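Visitor: According to Swiss-Prot, the feature topological domain 'Cytoplasmic' maps to 1-45, 105-140, 200-268, 314-356. Residues or ranges marked as topological domain 'Extracellular' in Swiss-Prot (evidence: sequence analysis): 67-83, 162-178, 378-399. According to Swiss-Prot, the feature transmembrane segment maps to 46-66, 84-104, 141-161, 179-199, 269-289, 293-313, 357-377.
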Amino acid sequence: MVFELIRPAPLTEQKRSRDGCIYLYRAMKFIGWLPPKQGVLRYVYLTWTLMTFVWCTTYLPLGFLGSYMTQIKSFSPGEFLTSLQVCINAYGSSVKVAITYSMLWRLIKAKNILDQLDLRCTAMEEREKIHLVVARSNHAFLIFTFVYCGYAGSTYLSSVLSGRPPWQLYNPFIDWHDGTLKLWVASTLEYMVMSGAVLQDQLSDSYPLIYTLILRAHLDMLRERIRRLRSDENLSEAESYEELVKCVMDHKLILRYCAIIKPVIQGTIFTQFLLIGLVLGFTLINVFFFSDIWTGIASFMFVITILLQTFPFCYTCNLIMEDCESLTHAIFQSNWVDASRRYKTTLLYFLQNVQQPIVFIAGGIFQISMSSNISVAKFAFSVITITKQMNIADKFKTD
């Protein structure tokens with residue numbers, strides 16, 4: 001099977017939570033983010049890393065700016081909006097990539113905590129849940145890959161077949177106006193640069209979802225362990241107390257896991273929140289007023305890409321808050337009424353800690369949730385309204 005990891009492995013195989021990140025880290029290795037620790041190959045690899053950052057993270061946003069400075073008059077309204085919507089996202093993507101790469105050590109360290117959490121997953125039901133979340137996480141990354149690559153490929157083909165480069169980046173060496181061959185060469189070079197940038201952007205957008213999907217699986221397993229507390233009559237009171245202490249330690253490990261990944265997630269999502277409304281607004285204006293059928297298809301793929309950057313993760317954040325509430329209910333409804341005083345005291349301490357939900361704060365300003373995501377996305381309709389009221393679209397068409 002080509003994509004073996006998108007299906008749950010049989011229980012005869014030993015899977016770990018970190019295996020849910022396999023596709024993610026393979027892509028990181030391909031784009032130059034995970035160099036060998038030593039040897040000559042490390043320096044060869046770092047050269048590749050430098051090239052990807054120079055071309056995909058630095059040149060791409062500057063290439064848009066250069067094209068606006070040198071050939072803005074040659075843009076049609078539709079071409080300009082197609083370029084502008086990606087330009088704004090490219091600057092945001094460069095910021096997100098810088099944040100993710102500089103804090104990559106946090107994501108790697110979080111996998112070590114997952115290994116500690118896996119030590120408690122000995123029951124057959126728990127192993128089955130780990131296998132399921134491993135498949136689901138890798139499947140999610142694969143969906144991101146198809147959508148992001150679909151956008152880049154559809155824009156490339158639709159633009160070239162229409163007789164123009166896909167993004168019209170500044171290129172002082174090749175003039176695409178000098179014949180079909182140079183058009184294809186310039187367009188292909190743009191596509192290669194954009195493909196690298198798209199992969200970098202995909203890594204920055206998909207890791208929050210993957211890491212929180214795994215988090216939810218461990219919250220679910222912890223909830224089931226809490227429900228089983230003092231339900232086994234073969235265990236003594238001291239052994240039941242030890243099981244409770246283990247649940248408390250599991251929760252502390254989960255909080256440590258969240259504390260490590262929060263700074264990375266909060267920075268990248270905050271950057272995306274700042275841009276999503278504006279980018280969606282320009283894209284929808286392009287679709288409604290200036291697009292032909294081919295540009296419309298490419299713009300539609302771009303809209304899906306933009307929505308994938310935040311909506312799945314924000315929805316998962318809502319589910320995590322519900323999971324935390326379910327933990328509280330599980331503790332309260334567990335078999336504690338006739339327990340010892342020491343057991344009840346520890347359980348009360350546990351309950352007080354669990355009542356504080358796990359939340360992610362974008363940029364330390366506002367909570368990441370579906371409501372906040374919808375609020376920032378609504379800005380797109382404000383951009384469209386301003387365009388209609390000022391009659392900007394008709395003025396562009398007239399000019």
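Start at 1 and count along the chain as shown; that gives each residue its number.
Even glycines carry a Cβ here, placed using N, Cα and C.
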Visitor: Should anything in the same chain at least six residues away from the transmembrane segment (179-199) have a Cβ under 8 Å from its Cβ atoms, list it; otherwise answer none.
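Guide: For the transmembrane segment (179-199), the sequence-distant neighbours (Cβ-Cβ under 8 Å, at least 6 residues beyond its ends) are 27, 30-31, 52, 55-57, 59-60, 63, 90, 93, 148-149, 151-152, 155-156, 159-160, 163-169, 171.
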Visitor: Rank 46-66, 84-104, 269-289, 293-313 by Cβ pairs under 8 Å to the transmembrane segment (141-161) and hand me the top one.
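Guide: It is 293-313, which has the most Cβ pairs under 8 Å.
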Visitor: Give me the mean pLDDT over the topological domain 'Cytoplasmic' (200-268), rounded to a whole number.
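Guide: A mean pLDDT of 96 is what the model gives the topological domain 'Cytoplasmic' (200-268).
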Visitor: Any residues 6+ beyond the ends of the topological domain 'Extracellular' (67-83) with a Cβ under 8 Å from its own?
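Guide: Distant contacts of the topological domain 'Extracellular' (67-83): 155, 159, 164, 167-170, 282-283, 285-286, 289-292, 295, 298-299, 393, 396-397.
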Visitor: Who are the long-range neighbours of the transmembrane segment (84-104) in its own chain, taking Cβ under 8 Å and residues 6 or more past its ends?
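Guide: Sequence-remote neighbours of the transmembrane segment (84-104) are 28, 33, 57-58, 60-61, 64-65, 167, 197, 200-201, 203-205, 207, 263-264, 267-268, 271-272, 274-275, 278-279, 282-283, 286, 299, 302, 306.
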